Structures are given as C-alpha cells and as structure tokens.
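Feature list (source: Swiss-Prot):
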{"type": "ACT_SITE", "residues": "Cys34", "note": "active site, thioimide intermediate"}
{"type": "ACT_SITE", "residues": "Asp41", "note": "active site, proton donor"}
{"type": "BINDING", "residues": "Ile56, Glu57, Leu58, His75, Glu76", "note": "substrate binding site"}
Amino acid sequence: MSSQPNKNLKVFDNPNIERNFIIQINMPEFTCLCPKTGQPDFATLYLEYIADKVCIELKSLKMYIWSYRSKGEFHEAVTNKILDDLIQISNPRFMRLKAIFNVRGGIYTTIIAEYQQKNWTFKTKIDLQYQG
C-alpha cells in the first residue's frame with residue numbers, strides 16, 4: 001500500500017456482522033485549503049459509525065484524509081464529501097462525521113453530517129457523541 005496521499009479507501013470484512021458496535025476514529029491532523037485565500041484550514045475530524053458488512057481500513061483512511069492537504073474546499077463541502085465517500089465505500093448502518101475547524105478570523109466552525117441506512121434502527125437509545 002502506498003504511503004503517499006491518495007483517495008483509494010479500502011475496507012475489510014466486519015468481524016462481528018451480527019452485532020451493532022460503534023467504531024470511533026479521531027483524526028486530529030486534517031488540513032485543507034481555504035478556496036478563497038489559499039490559506040490552510042486545520043480541523044479535527046471525529047468519525048463514528050456502526051458497520052454493516054465491512055469496516056474502513058485505517059491506513060487507507062489516513063492516506064485519503066491527507067489527500068485534502070492541497071485541495072481548496074469550504075468546510076461544509078469537504079465534511080459532506082468525506083462522509084459521502086466513506087458511505088459509498090462502506091455502506092454503514094449509521095455514520096456521523098464531526099469536523100471541528102480551528103479558529104479562522106475569530107470564528108470557529110463545526111460541521112456535523114450524518115447518515116443512516118433506510119429501515120435500520122438501533123433497538124435502544126444510543127448517544128454517539130465522541131468521548132475522545
């Protein structure tokens with residue numbers, strides 16, 4: 001597997017497909033570029049998901065996240081694009097991506113995007129707030 005930034009997300013078989021378990025991934029080094037100024041925007045990404053048939057392979061996720069370092073993207077667009085790509089590759093039962101961007105011009109931005117499979121519900125109430 002390449003150690004260069006790329007968009008090639010990989011998955012592996014869910015080892016406990018019969019169970020709803022939460023996978024939480026903290027990515028504190030996300031960087032993209034402001035599409036207006038070209039200046040870097042820094043964020044911490046919090047991914048929470050309940051896998052269905054496959055789980056996301058972590059090294060490929062790291063390389064995928066690094067691929068945004070030279071891309072000009074608005075916070076809202078990049079958060080939703082990442083979520084869409086992760087959903088497309090893994091088709092999770094549930095997925096939430098929270099992007100907390102560092103201060104820019106005195107303003108902090110947090111974007112939260114979610115997805116849930118149609119006809120899938122968790123049998124008990126669950127709080128998926130990242131505890132990291």
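A Cβ is built for glycine as well, from the same backbone N, Cα and C atoms used for every other residue.
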Set of same-chain residues at least 6 away whose C-beta sits under 8 angstroms from Leu58 (substrate binding site): Ile25
Cα-Cα distance maximum in Å, computed over every pair in Ile56, Glu57, Leu58, His75, Glu76 that the record assigns to substrate: 25
Cβ neighbours of Ile56 (substrate binding site) where a neighbour is any other Cβ within 10 Å: 21
Distance from the residue listed as 'active site, thioimide intermediate' back to Asp41 (active site, proton donor), taken between C-alpha atoms, in Å: 6
Count of other CB atoms lying within 10 Å of the CB belonging to Cys34 (active site, thioimide intermediate): 14
Neighbourhood of Glu76 (substrate binding site), C-beta criterion under 8 angstroms, separation at least six: Ile111
Nearest-integer angstrom distance between the alpha carbons (Cα) of Glu57 (substrate binding site) and Cys34 (active site, thioimide intermediate): 28
Fewest-neighbour residue among recorded positions, criterion Cβ within 10 Å, set Asp41, Glu57: Glu57
Three-state secondary structure, Asp41 (active site, proton donor) (per DSSP): strand
Nonlocal residues around His75 (substrate binding site), in sequence order (Cβ under 8 Å, 6 or more apart): Asp41, Ala43, Ala99, Phe101, Thr109, Ile111
